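The structure appears right after this line, and notes come after that.
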Amino acid sequence: MVYLKGQIRKALSGFYYVYADGETYQTRARGNFRNRKITPLVGDEVLFESDNLTDGYVLEILPRRNELVRPPVANVDLGVVVMSMVSPNFSFNLLDRFLVSLEYKDIEPVIYLTKVDLLDEPQRQQVTEIKQIYEALGYAVIASEDVEATKELERFFPERLTVFMGQSGAGKSTLLNQISPELQLATAEISQSLGRGKHTTRHVELIPLYDGLVADTPGFSAIDFLEMEAVELPKQFPEFVAAASHCKFRECMHHKEPGCEVKRQVEAGTIATSRYENYLQFLMEIENRRPVYKKKS
């Protein structure tokens, strides 16, 4: 048996397709992974053994930098948050959920706004507002419908593993098809009853694009903060981190404490009210969630 190091590019029906040295190997996971309740993920760097391209075994998963649950991908560098301006309507709350989740996983976010061409002039003011708020925080915001927008996005891909996420029905599959027409991914219809897109993507696969790898992923429109402790939340807001050194209390949660610099900057208009209100809502969600009890093994 030959021992090799590679990366899982696709997982399907119990098989893991591992890319190594220009070849793709079909492998299975050894039974001891199941016994240890470890599941190999797309994006994992692995050690595996194989004598041919169809009968390999994954032996070891190398340490992960991060992992996402939805979609199940490991070692992600860049998260493109695709947000629709209309149908479904734009939501500051949802965008901030995605950004907080990415910051927590140490994944660089890029904000991509779709359906900008459907807006009238008053609605376009919101695009300007979004750009002002988030570019000031250091986030890239792409907001146009032409070839230039996809070109702007492509410059982020080289040497990175990129995941697309965002509102269901916001146009993630459409966007990926524009970037790489050979993908021919199914695009979502908007559900009349929910006002949200129906999920069209079924399994995750890493596709080599522009000297990087891109995962096509389901478009979930709700994110919860199951893993995060309340004290971690303020650290995921860059503007809070910058202000916190001037708060009266070192572990200030920017809620009820006196002498809070974050609250002062919100009142002064330096920190966006929408960001602070969303922070308070997320904080309440974390504090009110039921404890997760792990079963004894």
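Here the Cβ of each residue, glycine as well, is placed from N, Cα and C on the backbone.
As recorded in Swiss-Prot, the features of this protein are as follows:
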- Thr114, Lys115, Val116, Asp117, Gly166, Gln167, Ser168, Gly169, Ala170, Gly171, Lys172, Ser173, Thr174: GTP binding site (BINDING)
- Cys247, Cys252, His254, Cys260: Zn(2+) binding site (BINDING)
- 65-223: domain 'CP-type G' (DOMAIN)
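With Gly166 (GTP binding site) as the anchor, the candidate binding-site residues are Cys247, Cys252, His254, Cys260, and the one with the nearest CA is His254. Considering only the binding-site residues Cys247, Cys252, His254, Cys260, Thr174 (GTP binding site) has His254 as its nearest partner by CA-CA distance.
Note on the domain 'CP-type G' (65-223): mean pLDDT across this stretch is 83. Take the mean position of the Cβ atoms of Cys247, Cys252, His254, Cys260, the recorded Zn(2+) site; other residues of that chain with a Cβ within 8 Å of it are Pro234, Ala243, Ala244, Lys248, Phe249, Met253, His255, Glu257, Gly259, Glu261, Val262, Lys263. Closest in space to Thr114 (GTP binding site), of the binding-site residues given as Cys247, Cys252, His254, Cys260, is His254, taking the CA atom of each residue. Rounded to the nearest whole angstrom, the C-alpha distance between Cys247 (Zn(2+) binding site) and Lys172 (GTP binding site) is 40. Put simply, His254 (Zn(2+) binding site) is 33 Å from Ala170 (GTP binding site) when counted between their Cα atoms.
Of the recorded residues, Lys172 (GTP binding site) and His254 (Zn(2+) binding site) place their C-alpha atoms 35 Å from one another. In the three-state DSSP reading, Lys172 (GTP binding site) counts as helix. Shown are the binding-site residues Val116, Ala170, Cys247, Cys252, Cys260; of these, the residue with the fewest other Cβ atoms within 10 Å is Val116.
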